[in-house]
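TrEMBL has this to say about the protein:
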- 65-173: domain 'Epoxide hydrolase N-terminal' (DOMAIN)
- D241: active site, nucleophile (ACT_SITE)
- Y387: active site, proton donor (ACT_SITE)
- H444: active site, proton acceptor (ACT_SITE)
Amino acid sequence: MSPITRILVLVLAIGGGMLYRNVSQLWADLPPPKLNEQEWWGDEAEPADYAAYLANSSEVVGNRLSYPDVRIEELTILLNQTLRLTPPLEGVAFEYGFNSDYLKKLVAYWRDNYLPRWREREVFLWQFNHFTTDIQGLRMHFLHLMVYNDNKVGKKHYPVLLLHGWPGSVREFYNLIHLLYQTQLNKNNKYIFDVIVPSLPGYAWSQGTSRKGLGPAQVAVMIRNLMLRLGYKKFFIQGGDWGSVIGSNIATLYPENVLGYHSNMCNNFSPKSLVKGIFASFIPNFFVSSEYADFFFPKSRELSYLLEESGYFHLQATKPDTIGSALSGNPVGLAAYILEKFSTWTNASYRSLPDGGLKRSYKLDALLDNVMIYYLTNSITTSQRLYAEAYSSAQRDLRLERVPTTVPTGCARFKSDIMHFLDYQLQDKYKNLIHSSYHKQGGHFAALEVPKVLHSDFIEFVQKVERKFNIKPL
Ligand SMILES: *[C@@H]1O[C@H](CO)[C@@H](O)[C@H](O)[C@H]1NC(C)=O
Ligand SMILES: *[C@@H]1O[C@H](CO)[C@@H](O)[C@H](O)[C@H]1NC(C)=O
Ligand SMILES: *[C@@H]1O[C@H](CO)[C@@H](O)[C@H](O)[C@H]1NC(C)=O
Ligand SMILES: *[C@@H]1O[C@H](CO)[C@@H](O)[C@H](O)[C@H]1NC(C)=O
């Protein structure tokens, strides 16, 4: 070897070694960060004596909300104004966003059919017990259903926390709640649950903060505090969308409190997982049975779909207040913005249907209930800020995607959801991925769209947790 070659080999070896070290640093698991469990999010100044604040404000109060007629009349008037919408282009359905011809029909239904029945819808919405309590300075809203002692005999009884996302609400879970809870009356049903369904901070009746920094990790702390306050030291978690992210954060930061984590939007955005995803796309059959390969591949299709559909995400992560201004107090725009997601995320092919296929998968009343919740609580801006907080540098610095999650984990994939991750990618983070399933029907809002399928998937997961781990029913 010439001296130059030798130097070159040496330089390459050192460079390679450094690169390997750097890459493996990027790869390695990290320890969980420590979060402040009493972080103050309230409008008022932080109390000097937190213990006294807790003693004073930890009361859980019933919360049967009712809106005066004038609020509903005001909305009727807004929905009765001449709509100055721009007609869709020739032959365009939902490809350019919510179709304005169909929007007119939807508004007419909302105004003339749905709103006159609002008091009935209220009875429906308040069919479960609603509560509020103060957590770290914010009033938090939640549903709480407790199984009666008499109905526990001979059954397995666990608590489950259900977590919604954006642009959803507790309303997404109503059918699932019936399946988890109401079936205590069914003698053949072996599993019954205490069900806790919070509205995320800044969503619906849960107060939003006036401070920066309330990202998914901090929300996880708050919701765990809520569960502890209600007396649940160990519980199952089920969630999709932000609910999945926040559920994962609870499971990661507080494994001692989590019996099992079940997600219908399981993901792993660690660098290693993303590289693995690209790698797997060259030899898909090696990583997933051919029957389900089209959940993941081709990656090019997934990426272009993500680009087409994630504009809202960038907007909300960067300028949530601007789009919030356009939507607040504007029920027609709000409905279009929210329900476009319920169309496309339920089935991408619905973009070519003039009515967005909304009624194929849902009852319009259920969708309008959800829109009403955002409208009446004026929570669209605060809900969208969660995106900005999730992508702040402070939140990213927590690197939770690289902190292993050890609790039993279940992943339910619904074909039409926005993107999917292979077990091979998930297992890096979820060390006990004991349940992994594929559903050829259903999309992003599985709880609302296919509650029975989600319920049986969840029960299957609970059974696997029972078999593999020594967990105790309540
Ligand atoms: C590689 O790792 C070293 C030591 O941790 C660090 O100082 C350096 O900035 C890293 N280089 C790159 C390109 O990340
Ligand atoms: C507790 O609540 C009472 C009544 O609302 C109030 O007067 C008092 O200042 C509160 N104490 C603390 C420590 O917050
Ligand atoms: C809507 O406005 C029209 C007049 O512009 C009125 O006749 C009708 O009663 C209004 N409908 C409702 C539901 O307020
Ligand atoms: C999406 O809708 C099409 C019909 O438009 C249907 O053939 C397909 O099965 C649906 N996909 C899912 C996952 O439900």
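Glycine is no exception: its Cβ is also placed from the backbone N, Cα and C atoms.
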When you measure from the Cβ of Y387 (active site, proton donor), which residues in the chain that are at least 6 apart have a Cβ under 8 Å away?
W166, F313, Q316, A317, P320
Given the residue listed as 'active site, nucleophile' and H444 (active site, proton acceptor), what distance in Å do their CA atoms have, once rounded to a whole number?
8
Near the Cβ of H444 (active site, proton acceptor), how many other Cβ atoms are there if near means within 10 Å?
23
DSSP on the domain 'Epoxide hydrolase N-terminal' (65-173): how many residues come out helix, how many strand, how many coil?
44 helix, 22 strand, 43 coil
